[in-house]
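A.B. asks: Quick one: the structure is below, and I'll ask about it shortly.
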């Protein structure tokens, strides 16, 4: 693609020094937090084989860590790009690297949406829990997620171009292509999944309050987790997609108008907003620690598997450890009592009925 539509002003990803500096700082911090964090998640869950099979939620979290870790491995390239102000890998590398980034973005978004939907169904439709534990279902869902991500990421490679042999950035043959691509990306990677997440967590919280969980310690933990997940996704991705929409609208505006010139400002701000979005790949392990609470000092490095063991999806029944979230199917909906301790290895288990993961 030799001819690229460019907004007025001739700005590039490297035009604003502030955007380059903040982008570099965000990338370094994201890698510092996310690489060891996601590596720990993979180490904890990849080799975990409970007797009844790995819970669906744990499998989704494992693949989420793989997707997030893959894109964080590319941070040295982007840091070099921003600091040296020149793309280091040529035209083929420009397309390939951004394709991997888009693949990771879509996989992470789809997996997060599935996690939200799984927890919502576990609360509102507990009779579906046996099906949600099926390994065959997990394989089909993961295959669908990765195939969808592979397809949705294709435009990221098609519309990337090495401009003047030094700037790897979006290159659309016409304003219509630019508006369509950027709008579709925001719709599929933010608006629809974020709407699903908000809807699922709203329904989940409403059901938990209806079960009189809202005022107890379990309800407080669930509320903090829900708020953290929704806020992290929205806050970290909103600036990136705001730039998308700004450039999409500017592409269709009259070339001499003020709105068209804002498209150039969005292009220059893209480096910083893209780097901020990298934090979405590093915050999930922090949220798992946040969720574990008192389970972390008691269970040590295995707190993540203990967290899923306590969810009720990994076993047929048992006492709820403090800090886990369960619903038990009995003639009446009730909260499972606390065990001997939060994550205490000595906590006994009793087989008294199925429990459903939230």
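Keep in mind that glycine also has a Cβ here, set from the backbone N, Cα and C atoms.
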A.B. asks: Are residue 14 and residue 209 on one side of the membrane in Swiss-Prot?
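C.D. replies: According to Swiss-Prot, which assigns topological domains, residue 14 and residue 209 fall on opposite sides of the membrane.
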A.B. asks: Taking the transmembrane segment (97-117) as the first stretch and the transmembrane segment (186-206) as the second, find out whether 3 or more Cβ pairs fall under 8 Å, excluding pairs closer than 6 in sequence.
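C.D. replies: In contact, yes.
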A.B. asks: I'd like to know the mean pLDDT over the topological domain 'Cytoplasmic' (118-140).
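C.D. replies: Averaged over the topological domain 'Cytoplasmic' (118-140), the predicted model reaches a pLDDT of 81.
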A.B. asks: I'd like the per-state residue tally for the topological domain 'Cytoplasmic' (118-140) from DSSP, helix first, then strand, then coil.
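C.D. replies: In the topological domain 'Cytoplasmic' (118-140), the DSSP-based counts are 20 helix, 0 strand, 3 coil.
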